[in-house]
Amino acid sequence: MAFTQSHLTATLLTSILGAVLGPLQIGYHTGNVNAPAKIIEEFFNCTWRARHNQSMTDHSLTLMWSLSVSMKDFGALLGSLGVKYLADSYGRRNSILIANCLSVAAACIMFASKESELFEVLILGRMVFGLFCGLVMSLNPLYIQEVSPTNLRGAFATLNQVSLASGTLIGMVAGLETTLGTKSNWAMMLSLSLIPALTQYLVLPFCPESPRYLLINQGEERKAESALLRLRDHADKVSCELEEMKEEAAHTHSGVTIRDFFQKQSYRQPILIVLLVNLGSQLSGFNAIINYSTKMFQAKFDDAKYLTLGVGVVNVIFTLVAFYFMERAGRRKLLLIGFLSIAVCNLLMTIVDSVLHLVPVLRSLQVLLVFCVISAYELGPGPISWFIAAELFDQPGRPIAMAFTSMVNWGGKFVLALLFPPLLKICGAYVYLIFMAVALLAFAFTWLRLPETKGRTFDDIAEEFRGADGIPLHNSSGFNTFT
């Protein structure tokens, strides 16, 4: 069913902006631990010395720092297990508000770590915050996609990544020694995520629940119609969209268990697509650069922290580029361009890093390549990997699919955060060839298997998978082409 172009309403905009305050907090805690790493490592060392009358070895300190960086990702991996229960039991909007409690608690715990002089409290705080990350990075795309009109669905879902990248940049700025990344202020810096967390409680409760959840999950047609009217502000659009939802409801089962999800024939191809796209996104090198960019630059530049800040700026710019092109170029084309560009950049990174000791002037080219990897990631794989599952699955399978997305994403981040430092020591410049291979695999699979979802209703996309052993490689829109 084709819809007329929907316009932006104040309620829809408020709902989207209220929701994306969650990823802003996640981005903030991704960026703020980079620049003050040495100061926080010294806090670990001082705590250890006070207990054992000796300093940590360099190896132990590196391991402890890797653990504290990756603990957020491990917590997120655990948090993603609760997505289906929350989303189906309490609704999409209310689940986001419930998850936000974990962010508030985590900020308070991390602030208390300095006063308690216990580095374990800081690690605990990051793990609690990780639980929040695992929930909100699945619940947010779910809510945003279900309240958005078809013609704006992908662009609005990309705002999740825009907010994440903006938070990362803010965190990088807050972590500088010239701002709050100092011995006396680092604990307060870690607690500033309370500002967007508390703001969300002032905004999101006044926004409507997902109309799809109300109609398809709860059977509340009047409430769904009322929510849609607030979001669309046009009776004709509401009537048309309600009919599409009823049509989708007629094609779906009342509920899907986790076992059903992995056994259902029509879900097999979407599951494989989500797995490969998300692993390709997380294991192609981007997160290693974000988490360890300052240390990567320190050996070659005096102003490494400010170059890392440049990474944050490029990050934000290209999420905005992705936002602009998402409904123009489509998901498929942006993913293909992104994965291929990442593969080429990783190959060039290997070559440049291998000859850098012979040609030191190439260090500027290395910085440029880092920026290019960031740009390619945020153009497609970064934002799309988080929301593509919400478009490929029907209503009963969507919460589990988003939980699966979150587990793969955060699991990939956790493994990479733990393994990148030792891999860099063992493989040197050749570590980027691993990233290149992953990106090429994701490119090939996207080319062969991913349908274009731009401008298509949820039911139309689900129809392609419904009751088939696999997905067709060609349809009327010719999605198995680069154009």
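Indices start at 1 and increase along the chain as displayed.
Note: Cβ is positioned from N, Cα and C throughout, glycine not excepted.
Any TrEMBL annotation is an automated prediction that lacks curation.
Feature annotation from TrEMBL assigns signal peptide to 1-18.
Mean pLDDT of the predicted structure over the domain 'Major facilitator superfamily (MFS) profile' (15-454): 90. Annotation source TrEMBL lists domain 'Major facilitator superfamily (MFS) profile' at 15-454.
Marked as transmembrane segment by TrEMBL: 63-83 (among others).
Positions annotated as transmembrane segment by TrEMBL: 95-112 (among others). Outside the transmembrane segment (95-112), and at least 6 residues removed from its termini, the chain residues within Cβ reach (under 8 Å) are 19, 22, 25, 79, 86-87, 121-122, 124-126, 128-129, 131-132, 135-136, 139-140, 143, 187-188, 190-194, 197-198, 200-201, 204-205.
For 118-143 (among others), the entry in TrEMBL reads transmembrane segment.
Using a Cβ-Cβ cut-off under 8 Å and counting only residues 6 or more beyond its ends in the same chain, the transmembrane segment (155-174) has close neighbours at 16, 19-35, 137, 140-141, 144-145, 148, 180-181, 189, 192, 196, 290, 308-309, 311-313, 315-316, 319-320, 322-323, 326-327, 378, 382-383, 386-387, 390. Positions annotated as transmembrane segment by TrEMBL: 155-174 (among others).
Annotation comment: TrEMBL describes 186-204 (among others) as transmembrane segment. Residues 14-15, 17-19, 21-22, 24-25, 28-29, 32, 36, 39-40, 43, 93, 96-97, 100, 103-104, 106-108, 110-111, 113-115, 122, 125, 129, 167, 174-175, 179-180 of the same chain lie 6+ residues outside the transmembrane segment (186-204) yet bring a C-beta within less than 8 angstroms of a C-beta in it.
Positions annotated as transmembrane segment by TrEMBL: 271-294 (among others).
What TrEMBL lists as transmembrane segment is 306-325 (among others).
According to TrEMBL, the feature transmembrane segment maps to 334-359 (among others). Listed by sequence, the residues of this chain that lie at least six past the ends of the transmembrane segment (334-359) yet keep a Cβ under 8 A from its Cβ atoms are 277, 280, 284-286, 300, 322, 325-326, 365-366, 369-370, 372-373, 375-377, 379-382, 384, 428-430, 432-433, 435-436, 439-440, 442-443, 446-447, 450, 482.
According to TrEMBL, the transmembrane segment annotation covers 365-388 (among others). Within the same chain, residues 137, 141, 144-145, 154, 157-158, 160-162, 165, 273-274, 277-278, 280-282, 284-286, 289-290, 293, 296-297, 300-301, 307, 310-311, 314-315, 317-319, 321-323, 325-326, 331, 334-339, 341-342, 345-346, 348-349, 352-353, 356, 405, 409, 442, 450, 453 sit at least 6 positions outside the transmembrane segment (365-388) and bring their C-beta atoms closer than 8 Å to a C-beta of that stretch.
Below 8 angstroms of C-beta separation, residues 62, 66-67, 69-70, 73-74, 76-77, 79-84, 87, 130, 133-135, 137-139, 141-142, 256, 258, 261, 267, 270-271, 274-275, 278-279, 281-283, 287-288, 291-292, 385-386, 388-390, 392-393, 431, 434 of the same chain, each at least six residues beyond the ends of the transmembrane segment (400-423), sit close to that stretch. Look at TrEMBL and you will find 400-423 (among others) tagged as transmembrane segment.
The transmembrane segment feature in TrEMBL is assigned to 429-448 (among others). Within its own chain, the transmembrane segment (429-448) has Cβ neighbours under 8 Å at 273, 276-277, 279-281, 283-285, 288, 332, 335-336, 339-340, 342-343, 346-347, 349-350, 353-354, 381, 420, 423, 473, 480, 482, counting only residues six or more beyond its boundaries.
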| said: Under 8 Å between C-beta atoms and at least six residues away from its ends: which parts of the chain pack against the transmembrane segment (118-143)? | reply: 15, 19-20, 22-23, 25-26, 29, 40, 43-44, 47-48, 64, 67-68, 71-83, 86-87, 92-93, 95-96, 99-100, 102-103, 105-107, 109-110, 112, 157, 160, 190, 193, 210, 386-387, 390, 398-399, 402-403, 405-407, 409-410
| Excluding the flanking five residues on each side, which residues at least 6 beyond the ends of the transmembrane segment (63-83) place their CB within less than 8 Å of a CB in that stretch? | 29-30, 33, 37, 40-41, 44, 56, 99, 102, 119, 122-123, 126-135, 137-139, 291, 399-400, 402-404, 406-407, 410-411, 413-414, 417-418, 421
